[in-house]
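Positions annotated as Mn(2+) 2 binding site by Swiss-Prot: D14, S64, D445, H446. The active site, phosphoserine intermediate feature in Swiss-Prot is assigned to S64. As annotated by Swiss-Prot, substrate binding site applies to H125, R155, D156, R187, R193, R263, A264, D265, R266, K337, with the evidence given as sequence analysis. Summarising the annotation, Swiss-Prot assigns Mn(2+) 1 binding site to D404, H408, H463.
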Amino acid sequence: MTAKRKPTALLILDGWGYREGKDSNAIANANTPFWDQISSQNPHVLIHTSGMAVGLPEGQMGNSEVGHMNLGAGRIVYQNFTRITKDIEDGVFAQNPAISSAIDKAVSNGKAVHLLGLLSPGGVHSHEDHILAACKVARERGADKVFVHAFLDGRDTPPRSAQPSLERTDKLLKELGCGRVASIIGRYYAMDRDNRWDRVQAAYDLLTLGEAPYHAESAVQALTAAYERGEDDEFVKATLIKGSSDNDAVISDGDAVIFMNFRADRARELTRCFVEQDFDGFQRNKLPKLADFVMLTEYSANIHTACAYPATELTNSIGEYMATLHKTQLRIAETEKYAHVTFFFSGGKEALFEGEERILIPSPDVATYDLKPEMSAPEVTDKLVEAIKSGKFDLIVCNYANGDMVGHSGVYDAAMKAAECIDQCLKRIAEALNEVGGQCLITADHGNAEQMVDENGQPHTQHTTGPVPLIYIGPKNISLKEDGRLCDIAPSLLDLMELEKPREMTGESLIVQN
């Protein structure tokens with residue numbers, strides 16, 4: 001009979017951050033006796049989950065995708081935002097093969113370069129600095145017609161905050177002497193992701209036909225008129241900005257188009273309108289024969305067009321490494337975070353590794369999770385305890401969604417109830433691990449529920465930039481190093497399992513043997 005395995009578990013408490021202050025801190029103020037016990041009696045430190053520590057620009061809050069990628073990879077995974085910003089700073093962006101080639105083709109045709117994208121400092125789907133850098137590159141490579149088609153934000157930025165971005169862009173293009181902001185439209189239309197093709201068509205027809213319900217002399221005038229109509233940035237209707245003629249800046253045969261969003265999900269639909277011959281979302285009245293259409297990053301493996309920043313492959317994540325060592329592993333979460341403990345934790349790979357099993361627990365069917373703050377945590381725990389006691393798994397990775405998903409609701413009392421539910425679940429898990437001689441690390445991918453009200457007294461619904469806890473439960477006599485990062489967790493797990501880390505993992509183990 002095969003000997004039962006003593007599991008090492010990683011428990012990821014999504015959105016469970018640390019903050020000194022107790023005001024509006026749903027975690028600190030909740031009744032969590034087990035958490036209080038392990039926080040004071042077990043090895044316990046704080047680790048970093050935002051900014052450069054996870055491959056994001058300094059000061060940028062972390063998120064679940066980035067967090068799980070770093071947790072599983074065992075190295076800092078530089079995000080597209082950071083890769084592109086770094087290339088611009090280092091002068092490498094100007095030589096990017098896809099971007100420079102597209103611009104050169106348009107210039108040799110005597111045609112225009114069109115830059116599409118979310119013109120915003122939000123940093124979630126795009127950054128206006130990238131768009132401005134592309135304007136400069138186009139001019140340096142000889143383009144004398146550079147048109148920015150500005151999609152307006154208002155979701156990752158305040159609802160009416162687009163004016164400085166439009167002014168900054170028009171000012172630069174005027175200085176370069178090569179173009180203007182040629183159209184504006186809210187992201188509600190240009191960046192749909194739910195196959196609402198009527199919205200996307202409004203953007204496509206604006207770009208390719210110059211069809212728009214509104215025209216204006218300048219981008220700022222267009223925005224002012226939209227505000228007067230009661231439209232916030234996100235919902236600004238298609239507006240064409242006049243030049244030498246109404247249609248001098250529509251996308252035409254021989255032009256180059258560069259889509260400057262780095263996040264894929266809301267860039268796919270509009271991209272498909274331009275590049276798919278068998279597109280069937282709506283009837284295209286014009287399909288320009290472009291010199292090139294460039295995606296800033298790969299929006300989908302199924303979209304076949306030039307890409308400036310292809311995905312970098314992550315090899316030897318902890319999941320892949322476990323498989324090469326013929327170890328067994330389990331990934332478990334409820335629906336809301338299932339992709340995070342599977343696809344993202346595996347370095348962007350969907351397929352199961354050899355020896356890997358997965359358990360998906362459905363998330364509750366409620367409008368918002370403050371209505372059921374425990375979500376499916378008790379059911380996740382039932383399956384997790386069963387897996388621990390089964391003796392089947394060397395490594396178990398589990399996500400609890402409550403701190404993040406209930407935190408996003410902005411409802412303080414519900415977030416406290418979520419924390420109290422997690423506390424009860426952790427006690428059950430610790431008892432099961434103790435019973436079989438197992439061990440675990442408890443941490444989070446980023447904070448959220450530790451701050452439920454912002455400095456203006458409004459509900460605080462987004463992630464935080466503060467640290468998160470790291471706690472060890474198990475039989476080993478160890479301490480934990482301070483100042484760790486998410487990328488140090490995989491090496492720490494391997495250390496606890498008495499396994500060497502692969503050379504690809506540049507994170508450091510935080511385990512100190514006493």
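Every residue, even glycine, has its Cβ placed from backbone N, Cα and C.
Shown on the structure are the features that Swiss-Prot records.
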residue	record	Cβ contacts under 8 Å, 6 or more apart
D14	Mn(2+) 2 binding site	S64, K337, H340, N399, Y400, A401, N402, G403, D404, M405, A444, D445, H446, N448
D156	substrate binding site	S120, G122, G123, V124, H125
R193	substrate binding site	D265, R266, R268, E269
A264	substrate binding site	T297, E298, Y299, S300
H463	Mn(2+) 1 binding site	G15, S50, M61, G62, N63, D404, H446, G447, N448
Helix, strand or coil: which one is H408 (Mn(2+) 1 binding site) in, per DSSP?
coil
Long-range same-chain neighbours of H408 (Mn(2+) 1 binding site), Cβ under 8 Å, sequence gap at least 6?
G15, Y369, N448, T461, Q462
Report the member of H125, R266, H446 (the binding-site residues) whose C-beta atom has the most other C-beta atoms within 10 angstroms.
H446
Looking only at Cβ atoms, how many others are within 10 Å of the one on D404 (Mn(2+) 1 binding site)?
30
I'd like to know which of these binding-site residues, S64, D445, is least surrounded, judged by other CB atoms within 10 A.
S64
Greatest CA-CA distance (Å) over the residues H125, R155, D156, R187, R193, R263, A264, D265, R266, K337 that the record ties to substrate?
26
